[in-house]
């Protein structure tokens, strides 16, 4: 399976001497970080009430308790930080899944991982009376973990084809969606909570949420970044990787743990958001080539750019109301997915 | 007229009926299965009519249907419960037939309207009507048909590359489906709470409260489109051998495909307009029918009967299984269908077909 087509992606940079290539990639990463900072600033400045950048600076670093400062500290800043964290989580999860399954169409949302989290969370709300995020988060992990193992076993292991994996995700999604629906219908209180959660939104962000999910995401990020080299070996195919002395089972297990932590925490915090994990690793691969050790940091920086950007767009287009960020990413990601399906020359297509 | 019996190489036993001008080869097993399914659908229909807050014995139901019931029974049976059952039978048949056509055209047991996003597209149309227009049931139904047909066109156009087939259709459909899921989720957040409850109820697929207003349009659509689809069954069977072979056998490939897909999309969209997106009947019915008839090919008619029997049975089960809480039928078919989809995936994989 060479769907990722390392040869093609690598040709652009292959001619440059290795050191210059590294320098260029590093520069690119720094530029991306700059973009991320700019988007983060925009995310604080833009909203129902626009705040000039100098006041943003003032509110962040010279807090005096004025109305604007309060808006910045208590509303915009937590929202931006949460967007940042969730973006990193989804982007890295997507990159790891795509590498692990050698499947360019993999995405935590499309594979039903979010649905697993949703099913677990709705059960927690309805049957166990869990109301706080501290409660949700464990259920979201549980749901994500179970589904990721299930989908991977059904569609991903060994000779993964994009179709099989997508269908496995679809099947899991459908079964769980039926369940979530049933619970929501029997329990209207749960419906009222869930219908906002299930579109994926940053609107209810606050510092407590941030503090609760940050540790899980942090562990996930470290794990994912450490996996870079092993995932490079996976790209070579099972036999070659094994011949090179790579421990595939360990890589797989650790990758699943990383994905569960990243995706589970992100989903618990703001509901299922699809396509971020699909789009960004794709674009990044075109920039960096197939080396996971570069794809992962780039994805970690550029995914929050997309997520925060989508959130800002969502706040701008339907002012004073807002479009949930999950809706915006899907509007961007759905067409892109279809484009990729059309473009790729896969044997099955 | 004489009937000759022969056993085809594939193992299906056929009877050929001949008159002077007409010869018809009848697959015995297929015909028996078809008749049995019709019987099951009708029996379950009678049972379903008898089920509810005022239980009525099956014998009384039948007597009432023939016009010999008491006034109260007549009201309950003919005004309240018969339309619901008829909508169930028609929706099931339309979904089963539509699903069989889609699966045959995509040459894939997973290429059902659910997976391809038609249900979600129709739902988007209906939700727009509920949330933004606040329309009455007629407007909602129109919205659903429009949404379904537009989605069908879009998926067909997007999957087109020197013809439409196989997995590209399925994958494009999954992308479309995901997009509409987000649209629907967004529309749901825009709704007031009572509208939201109505919308979720509609989104699940339900036969609750269906009356003659839903029966007639659906009946008209089925009466026109089912013969059209069945008339193309022979060509469809040749399409399954591959475009080139079918072309060589004289089938106008793209035209056949367009007529059939058009009919299937309209059938599914109309069914969705009447009952909401009842999940997975279109996916499951053709597969079950195929396993029962053990006959290759699209099995259009058995799939339609199977769909009708399934939906009415599921509706009965959804009313009875959960005690006081009556669930809409779509919840039950959704959960069962998802489980079935997983099982299908496992077996298809073991057989090395995916």
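Any Cβ shown, glycine's included, is placed from N, Cα and C.
Keep in mind it's a predicted model, so treat the numbers as computed, not measured.
According to TrEMBL, the feature region 'Disordered' maps to A:1-21.
The transmembrane segment annotation in TrEMBL covers A:29-48 (among others).
The feature transmembrane segment is assigned by TrEMBL to A:81-100 (among others).
Per TrEMBL, transmembrane segment is recorded for A:112-130 (among others).
Annotation comment: TrEMBL describes A:136-155 (among others) as transmembrane segment. Long-range neighbours of the transmembrane segment (A:136-155) within the same chain, counting only residues 6 or more positions beyond its ends whose Cβ lies under 8 Å from a Cβ of the stretch, are 100-101, 111-121, 123-125, 130, 164-169, 171-172, 176, 212-213, 216, 252, 256, 259-261, 263-265, 267-269.
Look at TrEMBL and you will find A:162-182 (among others) tagged as transmembrane segment.
Nonlocal intrachain contacts for the transmembrane segment (A:217-236), taken as residues 6+ away from its ends with a CB within less than 8 angstroms of a stretch CB, comprise 4, 6, 85, 88-89, 92-93, 95-96, 99-100, 102, 244, 246-248, 250-251, 254-255, 257-262, 265-266, 290-293, 295-297, 300. Sequence annotations record features per position, and here TrEMBL assigns transmembrane segment to A:217-236 (among others).
As annotated by TrEMBL, transmembrane segment applies to A:256-283 (among others). Listed by sequence, the residues of this chain that lie at least six past the ends of the transmembrane segment (A:256-283) yet keep a Cβ under 8 A from its Cβ atoms are 82, 85-98, 100, 104-110, 113-115, 117-118, 121, 133, 136-137, 139-141, 143-145, 148-149, 152, 196-202, 204-205, 209-210, 212-213, 216-217, 219-221, 223-224, 227, 295, 299, 302-303, 306-307, 325-326, 329-330, 332-334, 336-337, 340.
The transmembrane segment annotation in TrEMBL covers A:295-317 (among others).
Tertiary neighbourhood of the transmembrane segment (A:323-341): same-chain residues 83, 104-105, 107, 110, 196, 199-203, 270-276, 278-279, 282, 306-307, 310-311, 313-315, 317, 349, selected by CB-CB distance under 8 Å and a gap of 6+ residues from either end. The feature transmembrane segment is assigned by TrEMBL to A:323-341 (among others).
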Tertiary contacts of the transmembrane segment (A:295-317), as residues 6+ beyond its ends and Cβ separation under 8 Å: 28-29, 32-33, 35-36, 39-40, 42-43, 46-48, 79-80, 83-88, 90-92, 94-96, 99, 202, 221, 224-225, 227-228, 273, 276-277, 279-281, 283-285, 287-288, 323-325, 327-329, 332
Chain residues in Cβ proximity to the transmembrane segment (A:112-130) (below 8 Å; excluding those fewer than six residues from its ends, i.e. six or more beyond): 93, 136, 139-148, 151, 168-173, 176-177, 179-180, 183-184, 186-187, 190, 193-194, 197-198, 259, 263-264, 267-268, 271-274
